[in-house]
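Participant: Below are the features listed in Swiss-Prot for this protein:
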BINDING   C96, H138, H142  Fe cation binding site
ACT_SITE  E139  active site
Amino acid sequence: MALLEIIHYPSKILRTISKEVVSFDSKLHQQLDDMHETMIASEGIGLAAIQVGLPLRMLIINLPQEDGVQHKEDCLEIINPKWIETKGSIMYREGCLSVPGFYEEVERFEKVKIEYQNRFAEVKILEASELLAVAIQHEIDHLNGVLFVDKLSILKRKKFEKELKELQKKQKHK
């Protein structure tokens, strides 16, 4: 397994619309394993393939258990997701490995139902609510070139742009 480089905003790569996965082979399995290792090392709960430069419609989500541990066997590998149903509305404070250090409230659906394939091309149905539903929406947005900061109000977006400029200045002076 290998750690992959996470692409950061404002890279144009993050605006790429990802392509459907058609080969469910050992290369795909390795990419998923590398994504998981990268996500855990970066202390994330979700990662879309485009965030590591792979323009493929696949993502992983691994929510921590009550003990705070993210067990590999609990990792959801979601490939070629399709929306079946969405319900309700919830505000959730989100962050993103591609937008490090910035967190903001975003409105999402409270419940979602998707169809997807696993690493073996088996079709699955998943119903989710709360944090898992939010994470699924956040990661599927990445597959469509959308970032959570795109969903902010004008005021919150200006705050984000200001904080980003300040962060970039600090990094230049290091």
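Using N, Cα and C of the backbone, Cβ positions are placed for all residues, glycine too.
Quick one: how deep are these features, and who are their neighbours?
Facilitator: Sequence-distant contacts of H138 (Fe cation binding site), defined by Cβ-Cβ distance under 8 angstroms and a gap of at least six in the same chain, are G46, E94, C96, V106, R108, F148.
Over all protein chains present, the Cβ of E139 (active site) has 24 other Cβ atoms lying within 10 Å.
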Participant: Whose Cβ lies within 8 Å of the mean position of the Cβ atoms of C96, H138, H142, the Fe cation site, other than those residues?
Facilitator: G46, A48, Q51, E94, L97, S98, E139, D141, L147, F148
Participant: Using a 10 Å cut-off, grab the number of neighbouring Cβ atoms around the Cβ of C96 (Fe cation binding site), all chains included.
Facilitator: 26
